[in-house]
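Look at TrEMBL and you will find 137-158, 195-213 tagged as transmembrane segment. TrEMBL lists 244-283 with the feature domain 'RING-type'.
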Amino acid sequence: MASSTGNEKSVNPVLRISQLDALELNKALEQLVWSQFTSCFHGFKPGVLAHFEPEVKAFLWLILWRFTVYSKNATVGQAILNIQYKNNFSQTEKYQPLSKHQKLWYLIFTVGGRWLEERCYDLFSNRQLQSFCRIKSYINFGAGLLKLCGLVNFLIFLQKGTFATLTERILGIRSVFCKPPSVRQVGFEYMNRELLWHGFAEFLIYLLPLINVQKLKLKMSSWCLPIASLSNSENTLAAHCKECSLCGEWPTMPHTIGCSHVFCYYCIKSNYLFDMYFTCPKCGSEVHSLQPLKYKIEMTELHA
């Protein structure tokens, strides 16, 4: 009784974007499984899997098919998006699971087709006989024809919204929702607040690198804590500025930047090269010119 009611559940069509998302999730899962499998052979000699790569891939895809399409009528990507396959050949509109023949042909077309394409390419890549070249041309023509049919099927899918792949159209399997999709109810006030906050955050991320925070801090400190101006004479500089305004030590090769403070040559030069908008940390003055400080130093005579 439960199985009969489960088979009679209504069918809900799937959006085109959901079907394409399911295909992309399937490809991502296959790449993830293959990368995890090849990581187990990193310690072996390079090229161990090169000769058997098509067979190994086919075996892995066979395992995925056994636990997805064969047992649940849905691929991994479809199961994530609440989608499954429906037998479109059934006369009723109610949900009908895939038959065993459809599942087996799905395996042959997907796994077997990719294995045949890779293995035939390896077999005929180094053959120089005329018969092999003719067979290779036939295979290439058949592969090109299948890709052209796949392109036509994709254009029809974009128009009608059913059968995203050529395999689904040939086998008559259609993607439907397992359960009716729920309608999301989100208040517009919350959405507007989130959009406004994200826009403001992006504006700050763009604006902050353009602001010279150090210069702004020095300007604010100079306004709040004004410093008594010193005379610009050389004697005043020599008498009152006996330490570097950056390192706090006795200035080595003292230089000025146009204000009444003294800097070591290496201190001011390195900071100015790092920041062309460098300002004095004590008064906030900009670098007008980097000039050596000239003043007289009285020295006592040295006696030997």
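Every residue gets a Cβ built from N, Cα and C, even glycine.
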Counts by DSSP class (helix H/G/I, strand E/B, coil) across the domain 'RING-type' (244-283):
10 helix, 4 strand, 26 coil
What mean pLDDT does the predicted model reach across the domain 'RING-type' (244-283)?
80
